[in-house]
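Undergrad: Straight out of Swiss-Prot:
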- 22-44: region 'Disordered' (REGION)
- 35-44: compositional bias 'Polar residues' (COMPBIAS)
- 46-246: domain 'AIG1-type G 1' (DOMAIN)
- 55-62: region 'G1' (REGION)
- Gly55, Lys56, Gln57, Gly58, Ala59, Gly60, Lys61, Ser62, Ala63, Ser76, Arg172, Glu173, Asp174, Asn208: GTP binding site (BINDING)
- 82-86: region 'G2' (REGION)
- 103-106: region 'G3' (REGION)
- 171-174: region 'G4' (REGION)
- 281-471: domain 'AIG1-type G 2' (DOMAIN)
- 472-681: domain 'AIG1-type G 3' (DOMAIN)
Amino acid sequence: MATSSHQGAAAGSQMEHRLCETSIGQGERPRASRGQESNFKQSQGTSTLRLLLLGKQGAGKSATGNTILGKAVFESRFSHHMVTKRCQSESVSVRGKQVIVIDTPDLFSSLGCPEVQQQNLRQCLDLLADPYVLLLVTPIGHSTEEDKKTIEGIQGVFGPQAYRHMIVVFTREDELGEDTLQNHIESKKYLKKLIENIGSQRCCAFNNKADKKQQELQVSQFLDAIEFLMMESPGTYFEPLKTENSGVQGCGTGVTYKGDNLCGSKKRQPQITGPGWDRDTPELRVLLMGKRGVGKSAAGNSILGKQVFKTQFSEKQRVTEAFASHSRLWNQKKFLIIDSPEISSWKLDESDVKEHTFPGPHAFLLVTPLGSSLKSGDSVFSIIKRIFGEKFIKFTIILFTRKEDFEGQDLDTFTKENDALCNLIQIFEGRYAVFNYRATVEEEQSQVGKLLSQIESVVQHHNNKPCVIREKELLNIILLGRSGVGKSATGNTILGRPAFVSQLRAQPVTSRSQSGRRTLDWQDIVVVDTPSLNQMSGTEKNPAQLKKEIKQCLLQNCEEGMKVFVLVFQLGRFTQEDEAVVEQLEASFEENIMKYMIVLFTRKEDLGDGDLYDFTNNTKNKVLKRIFKKCKGRVCAFNNKETGEDQETQVKALLTIANDLKRSYDEHSTSWMDQLKSAVGQITTVFK
């Protein structure tokens, strides 16, 4: 009987989470401590970690994935049949790292369909990128031949290094009763051998029906096991998955694959060899992008060799309203061509982009008419860059359409004489193609073939790795202002907890810079509370000293990522001291520092039924008006006594302004980053 989530005992039972406490045949090993959290956080310099769930049908992979994610994402229920039928993934931010959990069906069962297993295995490997951890999920209780076959299959696919990068997760912990996990392992020869190979510090037990508090404890201890793995395996995590023949070998499915031929074999080592395509070859995702009316859909149809995407002339509305995709074979490879709506709509909702291209396109086709005014500073680039990062340029080919409009003109001469066009081509390192929609059938096939050959070269250049979607950047918020305006209370509101001392006193409460951290809506936030600028030693008469103090504050408290200065005032009480703070900042960092500031008023509750917009527009204070103008209206207000959803709403409003601030400057200029880098002594940038 198979189940995806059956865990035995009642959910409310409080079970002690058991880790193996001693090594079996390997001596004692130190347990990863909280002080070693940086091992997980840094993980060889990358900000993303992938966890691949592997195990037999009914082992509890989906339920375990949901426990790690802290939410029910993967379908998990009792069933005689396989519940998870394809690979799927979901991400969560944990301890400052983006963790992608990949759920899989049973990939290694001798009872499964070999063709389906091969397809699932290919999809699984296509989702992987370094670094990743193999999670072998196995239930406590009666073991079957399928448990052993799973271990053999993992070894066959991932090679002799599989043990080095494996963590074993035992599900149905509640079924241990009064027994220990170590005794359970000792009672099974294959389990004992497995744990001897990987080390007892890299196994843990889950009760996926435990209450929330107990599940959080389980996940915390599970993360400790990952930290221990990272301490043991520094540097590059895994060798490349491909064999010398570019094939995947040794799945333990009872068949051998070679091309499209299925051959019986007792070696249980399926092979997919050579560069040729078969039904299990991963698709090469090619994303068509551009403004409305540039001919993306028509270009897609030409590449596919058939009319599948809707095309028509329309001046008033978009023809392509949603993402759509179709595939074709070329040169024994499968290309998935993804048509997209007008690129300006992407900034409204990035979820569709991610859904249709996950984990990322292998190539981008930037479609634009040959005589267009598309320039390097166009908003098109900032939108793509925001989702995929600067690296998208290396994956992009410009596809110029409407060559027929320039009939009789030499293309090379035309591009060289057009400075904007020449600059655009240089940015993309000379990668471009041209389509003529009045071409003959033979000419059209030739231009499509040349383009696909270029795409193939881009894919090969990146070793078949896609341009993965950019994770959200960490945001550093540096609070500045005079003493008594509520900087510490504001910091506590942003963090959602009382991290900084905040009291009503005649003397300043905050005497030194300090920081706190939280994650909200998948964005990691570091809040830096600072003492009053005029309380910093020697800064009142020496602007250079103030610059030095703030630089030191950034170095000691900020983390890598974008940094935003928030100038805090108290609503209805703008004093000469506040004005002096602004003057000090402008004197130390040049007057235009205010262009990169956000103004935040505390005591929002004093507005009563009033509106912040009316307050800022109707104020008679000339200094405040000047500040609002220089900050380009980036103003918000906090009631630091709010709690729950009202508190979160305030924080999200500030984060929206902060992210929009960076985005607006990304779209229009990069020189300001150099200015601010110089302002803090060329030690750090405000946005990185």
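Using the three backbone atoms N, Cα and C, a Cβ is placed for every residue, glycine included.
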Undergrad: Could you check whether the region 'G3' (103-106) packs against the region 'G1' (55-62) - three or more CB pairs closer than 8 Å, residues at least 6 apart in sequence?
TA: yes
Undergrad: Can you check how the pLDDT averages out over the region 'G1' (55-62)?
TA: 86
Undergrad: Let me know how many other Cβ atoms fall within 10 Å of the Cβ of Ala59 (GTP binding site).
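TA: Around the Cβ of Ala59 (GTP binding site), 26 other Cβ atoms lie within 10 Å.
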Undergrad: Check the DSSP secondary structure of Arg172 (GTP binding site), expressed as helix, strand or coil.
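TA: Going by the DSSP assignment, Arg172 (GTP binding site) belongs to neither helix nor strand, so it counts as coil.
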Undergrad: Could you give me three numbers for the region 'G1' (55-62), the DSSP helix, strand and coil residue counts?
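TA: So the region 'G1' (55-62) is made up of 2 helix, 0 strand, 6 coil.
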Undergrad: With DSSP as the yardstick, break the region 'G3' (103-106) down into helix, strand and coil residue counts.
TA: 0 helix, 1 strand, 3 coil
Undergrad: What whole-number distance in angstrom separates the two most remote CA atoms of the GTP-binding residues Gly55, Lys56, Gln57, Gly58, Ala59, Gly60, Lys61, Ser62, Ala63, Ser76, Arg172, Glu173, Asp174, Asn208?
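TA: Between the outermost Cα atoms of Gly55, Lys56, Gln57, Gly58, Ala59, Gly60, Lys61, Ser62, Ala63, Ser76, Arg172, Glu173, Asp174, Asn208, the distance is 20 Å.
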